[in-house]
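Here's the structure, in structure tokens; my notes come after.
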Amino acid sequence: MPSIENRLWRFHGVAPTAWLAFVYLYLPIVILVVLSFNANKVATLWTGFSFDWYLRVLENDNILRATRNSLVVATGATVVSTFFATLAALAMASGPFRGKGVMNAMLGLPLLVPEIVTAVASLLFFLALGLELGLTTVLIAHIVFCLPFAYLPIRARLEGLDPRLAEAAADLYASRWQAFRRVTLPLILPGVVSGAMLAFIVSLDDFVITFFVAGAGATTLPVYIFGLIRMGITPEVNAISALLLMVSIAFVVLSYRVGRRPS
Amino acid sequence: MNGHAYSIEIDQVSKRFGHGSEATLALDTVSLNIRTNEFFTLLGPSGCGKTTLLRMIAGFEEPTSGDIRLDGVSLTGRLPFQRPVNTVFQSYALFPHLTVEENVAFGLEMLGRDRAAVREAVTRMLALVKLSDYARRRPHQLSGGQQQRVALARALAPHPKVLLLDESLSALDLKLRKDMQVELKRLQRETGITFVFVTHDQEEALTMSDRIAVMGGGKLQQVGSPEEIYDRPVNRFVADFIGETSFLTAEARGSALEFGAAGRLAEGALGTTAQGPVALAARPERLRLSEDGGLTGVVSEVVYRGADTLYLVTLADGQNCRVRHTNRLGARERAVTGDRVRIAAEPGAFQLLTGEAGHA
Ligand SMILES: Nc1ncnc2c1ncn2[C@@H]1O[C@H](COP(=O)(O)OP(=O)(O)OP(=O)(O)O)[C@@H](O)[C@H]1O
Ligand SMILES: [Mg+2]
């Protein structure tokens with residue numbers, strides 16, 4: 001439907017600018033994926049097509065161990081942080097209480113703190129407690145920084161929820177738990193799922209904090225890739241990155257589909 | 001059934017919101033008794049505390065003081081899901097993720113009824129509100145009127161002792177609204193459930209209710225049948241809120257009412273035997289323009305309204321009075337602006353208002 005409004009919004013040069021932006025954003029990624037199929041050992045020199053590097057990645061014990069660490073940490077951090085984020089969002093929606101505004105701000109604040117600060121602080125904290133650095137410290141740190149990512153979508157969803165619905169459930173003989181299970185939870189589920197997926201991606205992808213608090217043997221995939229790069233860019237690195245990219249895309253698509261579910 | 005005459009007793013209930021200087025007294029020592037299977041209406045202007053009272057019966061709010069009893073048992077401390085009371089919310093509050101039939105089944109399932117019983121009740125309820133063909137739809141696929149009927153079916157399905165309806169018809173167009181009024185009365189008769197209905201529409205209240213409680217400023221103003229409320233309002237607030245009213249002051253002497261320079265009405269124009277200065281209310285249709293009327297005045301305005309015509313008359317003593325005549329086919333206007341007229345009153349046309357001094 002061509003209306004006056006969208007004609008007013010039409011400017012010259014929007015299309016070329018958009019194309020330029022897309023090229024800028026995605027060309028490097030396309031090149032990375034293409035080069036991951038390069039037969040040559042020098043990553044930047046194309047000589048022919050091959051799956052070799054992918055096979056090598058799948059045979060490399062270090063990479064597999066790092067991948068396992070990453071998945072364990074991301075899964076654990078997602079489950080725990082989403083659980084607490086849901087509780088926090090429910091508490092914030094339960095009505096006015098003292099310090100609610102401050103609490104809400106504090107829940108979102110970690111998003112604004114520079115990651116390096118969180119990393120150093122976490123490291124100092126673990127050392128002060130005398131905890132040995134390892135997968136556990138990584139997991140704890142991830143749970144903490146994933147929390148606001150999981151919290152925000154759930155909170156947004158709850159904010160859009162009519163408080164009369166919970167009252168209607170209670171009016172129709174649902175106990176508090178039943179009202180939550182049958183009415184509130186199904187309605188905020190898209191928020192919970194997208195919060196969880198955000199948390200998972202953020203955890204899987206984290207380098208700075210992990211690098212600081214991971215001890216020996218707790219290497220995650222991003223930390224391992226960083227180690228490899230220091231010895232030069234190989235097609236192997238391209239292959240791992242391409243695999244990570246696939247996981248990310250899968251999550252984005254899933255998250256998009258869940259988000260589009262009617263409320 | 002137990003032998004209690006009253007379904008709901010509201011005993012000296014007050015409700016205060018907030019603290020200190022921001023506190024509002026939403027309800028001020030309200031006492032009310034609602035009979036079993038009565039169609040009881042709470043009527044009053046916006047902000048008078050109708051919803052607050054309803055929410056306290058449902059259990060969403062607790063009274064600040066006073067007690068609410070259901071069949072003689074105090075409801076204090078009982079949570080909403082522990083009260084055999086269901087609400088039809090003003091905004092419907094249908095569960096958006098459930099189908100129509102799942103919405104209607106919700107209460108029964110929470111009560112732990114077996115599947116067959118739930119199915120049977122849902123089918124019956126949907127037939128009752130004429131939505132059998134819409135069982136599988138989601139609320140957002142229904143019109144406002146259909147959603148409202150789902151809300152009604154959902155609240156009725158568990159067969160509560162009391163059904164609370166908060167301005168449940170206000171969102172409907174006139175035609176649908178009239179249909180639903182009839183429908184609600186039928187449901188109330190057939191189910192034996194006590195209906196507590198909130199509205200600020202006086203006509204709706206008068207046509208549907210067994211009894212009406214008029215509320216104003218958080219206080220109960222008058223409780224009575226529609227006829228009592230309309231014909232014998234106890235104070236200026238009720239007389240003013242319901243129907244059209246002329247407010248006049250006069251001197252009651254013997255059985256006559258004296259209006260100073262405007263004249264006097266002999267014999268029984270006032271329903272009571274009060275003496276001295278009195279504050280009065282009169283419905284325009286209880287007065288008439290008549291050659292043999294006892295009051296004199298000048299017509300200041302004539303308002304034609306289809307079924308009837310309203311004459312605004314300035315009495316000889318300066319007070320204003322309204323007189324209404326039903327229009328007959330082919331009949332001439334009784335008076336035009338500026339005419340000198342005389343006004344007569346039916347016996348009992350003047351209602352004494354209490355709590356007010358007569359002459360200013
Ligand atoms: N949760 C609350 N907090 C503070 N004040 C409230 C609250 N609920 C109601 N009030 C106040 O109590 C008074 C009565 O409100 P209530 O909703 O009962 O009015 P109502 O008669 O239902 O009006 P309406 O016809 O507009 O729905 C109002 O002054 C309102 O502002
Ligand atoms: Mg209200």
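A Cβ is built for glycine as well, from the same backbone N, Cα and C atoms used for every other residue.
Among the features that TrEMBL reports, domain 'ABC transmembrane type-1' is placed at A:67-255. Taken from TrEMBL, the feature transmembrane segment applies to A:12-37, A:71-93, A:105-127, A:133-154, A:183-201, A:207-227, A:239-258.
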Query raised in the report: What stretch in A:12-37, A:71-93, A:133-154, A:183-201 has the biggest tally of Cβ pairs under 8 Å against the transmembrane segment (A:105-127)?
Result: A:133-154
Report summary line: Top stretch by Cβ pairs under 8 Å to the transmembrane segment (A:183-201) (candidates A:12-37, A:207-227, A:239-258) is A:239-258
Query - Spatial neighbours of the transmembrane segment (A:133-154) far in sequence, C-beta under 8 Å, 6+ residues away - result: 69, 72-74, 76-78, 80-82, 84-86, 88-89, 107-111, 115, 118, 122, 126, 188, 191-192, 194-196, 198-199, 202-203, 206, 209-210, 213-218, 220
